[in-house]
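Under the heading transmembrane segment, TrEMBL lists 48-69, 89-108, 120-138, 145-164, 176-196, 216-233, 261-281, 293-312, 318-336.
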Amino acid sequence: MAWTSYQLILAGMMLVTGSINTLSAKWADNFSAKGCKGSESHEFQHPFLQAVGMFLGELSCLAVFYILVFRDRRSPEPTVSTSQPFNALLFLPPALCDMTGTSIMYVALNMTSASSFQMLRGAVIIFTGLLSVAFLGRKLECSQWIGIIVTIGGLVVVGLADLLSGPSSGKSLSNVITGDLLIIMAQVIVSIQMVLEEKFVYKHNVHPLRAVGTEGFFGFVILTLLLIPFYYIPASSFSNNDREVLEDSLDAFCQMGNQPLIIVALLGNISSIAFFNFAGISVTKEISATTRMVLDSLRTVVIWIVSLAVGWEKFHALQILGFVVLLVGTALYNGLHKPLMCGRCQEQSEETERLLNEDQAAINVAT
């Protein structure tokens, strides 16, 4: 069945905004600018402030939700329901997981390449699958277990590619290894978030945009308040600011003033996360969840190609192998192979039926 123009626009929006989300964050990290009080030029490495911007993008989904509600109420047959009561505090535990996982991933993005960052995020299916078995009582199919094993193999290949290409990318080997491990650790936290959402949130049938926006609200408020103690917590060499604290937000704003393109990159990150969530939810509704999974995997290719084109990283053939293996693992875990198998079974069934009809016709002729 051919896609409509609207469906094509949604798919394109999801692919483009999902890619911009990672690329804009990496672009901001690559800038160098002077900080406050005329300090020397240094890289813009403010992962916690960037995470606040990401939650601001998620928070904007609430505005989109209420715009949809307003338009829906003016239609003859309203379809968006807001009357179902729910406790907003249910979103607090997953929001805390999201806040922690996102902050760790932004720290890791400073240490590794954008393409490896995106590929290694595929580790989430390993921990989500294991936790869903342990805490949700779910039984995984054989193909899902195979998908988990294949994904582990893909992570090993991507990690090996990073080890081999680390020195040529201008990053120390210790930073690359630390960044990759942080990304995988963050996926453990993200998988806990997904299990919590499935166990406590989804059963209340909350509109997805409202759910994303509510989690964004909690994440934005809590992390913004945490920026105050982070301004005083020493972090020695772990930080990249003159004061050597966990997060120097004032230094970040001074760098933005001295290099306005950083603001452009951050605005790209904030707006892209809002449009990405909207497009992802719409793709699931208008096309299928399978299509959403495929598009989410394809944005890794876009990020990798752009990173190579602008010179952020060097080509390494192992990355292609790692991506293909991860893609196969994701496809197996999410059941993307089933339509192909069903289609083949249907073709075999039709062929068998045709042969039986021919045999029956031959028998009828003979009699």
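FYI, residue positions are counted from 1 along the chain as it appears here.
Keep in mind that glycine also has a Cβ here, set from the backbone N, Cα and C atoms.
Please treat TrEMBL annotations as automatic predictions, because they have not gone through curation.
Residues 112-113, 116, 119-120, 122-123, 125-126, 129-130, 173, 176-177, 180, 184, 316, 318-319, 321-334 of the same chain lie 6+ residues outside the transmembrane segment (145-164) yet bring a C-beta within less than 8 angstroms of a C-beta in it. Of the Cβ pairs linking the transmembrane segment (261-281) with the transmembrane segment (89-108) and spaced 6 or more residues apart, fewer than 3 are under 8 Å, so the two regions do not touch. Counting Cβ pairs under 8 Å to the transmembrane segment (120-138), the top-ranked stretch among 48-69, 89-108, 176-196, 216-233, 318-336 is 176-196. Counting same-chain residues at least six beyond the ends of the transmembrane segment (89-108), those with a Cβ under 8 angstroms from any Cβ of the stretch are 25, 47-48, 50-51, 54-55, 117, 121, 178-180, 182-183, 185-187, 189-190, 192-193, 196-197, 200-201, 204, 211, 214-219, 222-223. Pairs of Cβ atoms less than 8 Å apart link the transmembrane segment (216-233) most often to 48-69, out of 48-69, 176-196, 293-312. If one looks beyond the transmembrane segment (176-196) by at least 6 residues along the same chain, the residues whose Cβ comes under 8 Å of a Cβ in the stretch are 93-94, 97-98, 100-102, 104-105, 107-112, 116-117, 120-121, 123-124, 126-128, 130-132, 135-136, 155, 158-159, 162-163, 166, 169.
Within the same chain, residues 25, 28, 80, 82, 98-99, 102-103, 106, 207, 209-210, 212-217, 219-220, 223-224, 226-227, 230, 246-247, 249, 252, 266, 269-274, 277-278 sit at least 6 positions outside the transmembrane segment (48-69) and bring their C-beta atoms closer than 8 Å to a C-beta of that stretch. A Cβ distance under 8 Å defines the sequence-distant neighbours of the transmembrane segment (293-312), meaning residues of its chain 6+ beyond its ends; these are 11, 14-16, 18-19, 22-23, 26, 30, 113-115, 118-119, 280, 283, 319, 323, 327, 330-331, 334, 336.
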